[in-house]
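So the structure is just underneath, and the comments pick up after that.
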Amino acid sequence: LVLELNQVIIPTYGTVPDQQNLHTPEWADFDDKPDSLFFSDGQRRIDFVLVYEDESKKMTHKRSDRKKQKRKRQVYESNLINNGLQLEATRSVLDEKLIFVKVHAPWEVLCTYAEVMHIKLPLQPNDLKTRDSAFNWFSSLFRVDENIIKPEQEFFTAPFQKEHLSNFYIQDKDTFFNPATRSRIVHFILSRVEYATKSNVKKFGINKLLDTGIYKAAFPLHDSSFRHPSTDPDCPSERYLLYREWAHPKNIFKLQPLDFIRKYYGEKIGIYFAWLGFYTNMLIVAAIVGVGCFLYGCLTKDNCTWSQEVCDPNIGGNIIMCPQCDKVCTYWNLTITCESSKKLCIFDSFGTLVFAVFMGIWVTLFLEFWKRRQAELEYEWDTVEYLEQEEQVRPEYEARCTHVVMNEITQQEEHVPYTSCGKCIRMTFCTSAIFFWILLIIASVIGIIVYRLSVFLVFSATLSQHMNGTEAIRKYLTPQTATSVTASLISFIVIMVLNIIYEKVAILITDFELPRTQTDYENSLTTKMFLFQFVNYYSSCFYIAFFKGKFVGHPGNPVYWLGKYRNEECDPGGCLLELTTQLAIIVGGKAIWNNIQEVLLPWVKNLIGRYCAAARSEKVVPRWEQDYHLQPIGKLGLFYEYLEMVIQFGFVTLFVASFPLAPLLALINNMLEIRLDAWKLTTQFRRMVPQKAQDIGAWQPIMQGIAILAVVTNAMIIAFTSDMIPRLVYYWSFSVPPYGSHSSHTMKGYINSTLSVFNISDFKNASKPFSPWFGNQTTCRQVYRDLRYPAGHQHQYEHNIYYWHVIAAKLAFIIVMEHVIYFVNFIISYVIPDVSQKTKSKVKREKYLTQKLLHENDLKVVKKNMGKIADKIIKGVDSTFRPKAE
């Protein structure tokens, strides 16, 4: 790429001129036009703005350091001018130390770099007929008024070539390259222009100059204020329209103007909001079904026989439960769990099973339909062949290319940043670092588990003593509930703290890897961050769902964690309600935290900045200075927005069997998230450098992996975490002879038959409770459904036949549910093509036109020229051999 730049564009690229040969920007005073987007002459458009602090007025650095910084800046600006860019400098209105350097790219520079960057530009208007959808009339009710934001005209496009300039659809040179494309081209130049050479190593790029503080900011301009249209009649005021018709809260139920967003912010921003909007729309169906299942649970909870038995004073009131910890815990009555059993009936119902199966199919429908939608956007936004043709090497990668290797395909030498051995060393180090940090996360989860085990002892000993006579509180604030809620809160805090640390670690590891392109960089960082976040967010939920209460032994022979802490037990109804509590706290707390971090902090910073600026002056401020006082978007752009939504996607799909309201909460959150992100971009942040993006990158395979895992986790939650399978086995097999005594299938007697009996005389001294036994009973019941033979049986405390029936039913259920859902998903994936026939036709038509206009025309010219040459040759031959006239 650098070689191509040297040969085609700037012969002086990579040279540092002497002091006397330095080119300097033009200087101009502010012309009191706050909405102007042009140089002082009113003709040349501002494509980019660089901001630096006047070195002569800096007081924070040594004089020698200030001189070096000034020299680098002057060389950089001189090389920008050598590259064909035009610069104009203006001193700040509010702070005389700040200098704003405005950058303009002339027509020739735009054409040259558009060809180097393989930017696709219009050939001719799209002439394919489009058929309106049957739902077009309905969707028009939610679309933005076309009189306010006019639909973008569709074109067939091709990679730009200067030699075929006449074949492109150029009505006006000033508008042929839109502002987003102009800014992208200028940023490409800014990222590759040199400013110094040290030890034969070139230093170049605006990013390094920003990191070292030589420049304070670099950004393209917003075209107007978001509060009112521009005073310039020729300015379209697109920022104002985006705020009014997209970011404003009144538009929460409207469809997004995606083409307009893409035009203003570029394809990378556009594809994010397209995906988020599509995901939100698909959540509507999931939310409706989830609410239906929740209402079904609410309506049928009063008919929940096993809950009625728990709350019945003649059944649950006569069942005395064994202590849940050693020594300090006391015997307790089963009716204490009455309220939690009623809540559990809402979530642990037949509707939950139906909803889990539905969500397993829904996630595949979502991914398949998104592929089709993404293919349409790839064509409409000219990114179909982006990765192969247009994406450039990262400047950080270019700067490290010091090793020479032979390209196996071209058989030519090329420069790379490291050898094969060096690459292996880097990959080994990075992989080791990733596993180390993941193990660190697991260690933090183990710390939370130890907290739960130790604090449960304290709550068991103290809550009963301090709440005597307050039965209403004791119903709800049980030791299990207190432990679960406090552990979930602490887990949430630990997750948020670790996120901050892991973010920096993942960036450091990815920088060390040195990926070649920006897409490679983002995909590598995405994979690392998601691995960290997956373990960080989901590990506590996996523990509750699949490990808590599963390996506890029995009262006479409990299992100990780390040889000291007795393993936790679930409530008699299982751990499903606790998993629901954990999900609600993490999902709700995460949404609140993210909104504070993403929206409130930038708003407060900008508010303080505006207040300070207003206190200093009441002068008219130019557009570039207004934008400078906005917040920078950050190097990773929308990475954290994607991460937030994909983590939410995981909660909605992986554990939906325990919380059917998750899609509804996600839907409400996303409807707000779209408008908050839009408001943040249009009002609080500087305009992002427009970037190309073919798709949502590594997030797509990540979501596909989550979809596959979601089927397994939901099947296992229903089988092992909920109490549905033991209830079904009891209903169909153990409520009637030969195992039961009822004449017909019923749930009556379920509680009494599933809580194993333990003789209190079999307690070991290490676990025998301090509290005296009350009554004349000699037995207590196990808290969890461990299904063991009672005391006095020849196989006492061993698993009974009911247990093995339940295990067999659970395994059969998992296998059947997984295979049914996977089979249905396979059929759906096969039936729904990734690219629609309409999109395929458009792609073929565009390729045909490109070949016809750009290649066949050249062939005709060659044939025409060859024909003239042939005619001349024939005439010359004829004149040579023709006999002379007598």
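Each residue, glycine too, has its Cβ placed from N, Cα and C.
Bear in mind that the values here come from a model prediction, so they are computed numbers and not experimental data.
Sequence annotations record features per position, and here TrEMBL assigns domain 'Anoctamin dimerisation' to 38-258.
Annotation comment: TrEMBL describes 261-846 as domain 'Anoctamin transmembrane'.
TrEMBL lists 272-297 (among others) with the feature transmembrane segment.
What TrEMBL lists as transmembrane segment is 350-370 (among others).
As annotated by TrEMBL, transmembrane segment applies to 434-461 (among others).
Under the heading transmembrane segment, TrEMBL lists 481-502 (among others). Note on the transmembrane segment (481-502): residues 340, 437, 441, 444, 447-448, 451-452, 455-456, 459, 463, 529, 532-533, 536-537, 540, 578, 581-582, 585-586, 589-590, 593 of its chain, located 6 or more positions outside it, place their CB under 8 angstroms from a CB of the stretch.
Panel annotation: around the transmembrane segment (645-668), residues 276, 279-280, 283-284, 286-287, 289-291, 293-294, 297, 347, 351-353, 355-356, 359, 363, 530, 533-534, 537-538, 541, 545, 576, 579-580, 583-584, 586-588, 590, 699, 702-703, 706-707, 709-710, 713-714, 717-718, 721-722 of the same chain, lying at least six beyond its termini, place a Cβ under 8 Å from a Cβ of the stretch. Annotated transmembrane segment per TrEMBL: 645-668 (among others), in sequence order.
Positions annotated as transmembrane segment by TrEMBL: 702-721 (among others). Sequence-distant contacts of the transmembrane segment (702-721), counting only residues of its own chain at least 6 positions beyond either end whose CB sits under 8 Å from a CB of the stretch, comprise 352-353, 356, 359-360, 363-364, 367, 526-527, 530, 544-546, 550, 574-576, 579, 646, 649-650, 653-658, 810-811, 813-814, 817-818, 821-822, 825.
With a threshold of 8 Å between CB atoms, the same-chain residues lying at least 6 positions outside the transmembrane segment (811-832) that come near it are 356-357, 360-361, 364-365, 368-369, 372, 711-712, 715-716, 718-719, 725. TrEMBL lists 811-832 (among others) with the feature transmembrane segment.
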Taken over the domain 'Anoctamin dimerisation' (38-258), the model's mean pLDDT:
86
